């Protein structure tokens with residue numbers, strides 16, 4: 001029983017550790033876009049329709065094209081009438097934990 005607890009704790013810690021690029025400069029670009037906060041939590045760019053109290057976002061979709069900068073991310077979401085957000089993994093269009101992209105003027 002203790003083995004499974006220790007093994008689970010070890011694996012959870014290993015998976016939660018951020019990936020470092022080859023130069024040792026921080027988060028690898030493949031994990032989070034430069035317009036989302038660094039780390040693993042808010043690494044999913046989403047275009048959301050409804051923002052509830054700045055925390056929960058409803059009716060979210062992935063951007064129709066891959067944004068490369070914050071301004072292009074905002075422009076892509078504006079074209080479909082939504083707001084750019086960086087979210088935790090959304091489930092069924094409900095992104096319950098989201099934040100504004102880095103450098104956004106919302």
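From the backbone N, Cα and C atoms, a Cβ is placed for every residue, glycine too.
Just so it is clear, the model here is predicted, and its values are computed rather than measured.
Feature annotation from Swiss-Prot assigns signal peptide to 1-16; the stated evidence is sequence analysis. Positions annotated as disulfide bond by Swiss-Prot, on the basis of similarity to another entry: 36-86, 47-77, 48-60, 87-98.
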Name the one residue among 36, 47, 86 whose Cα is closest in three-dimensional space to that of residue 60 (disulfide bond); these are the disulfide-bonded residues.
47
Rounded Cα-Cα span from residue 47 (disulfide bond) to residue 98 (disulfide bond), Å:
11
Residue 36 (disulfide bond) and residue 48 (disulfide bond), distance between Cα atoms, whole Å:
15
Given residue 36 (disulfide bond) and residue 47 (disulfide bond), what distance in Å do their CA atoms have, once rounded to a whole number?
13
Residue 98 (disulfide bond), number of other Cβ atoms within 10 Å:
25
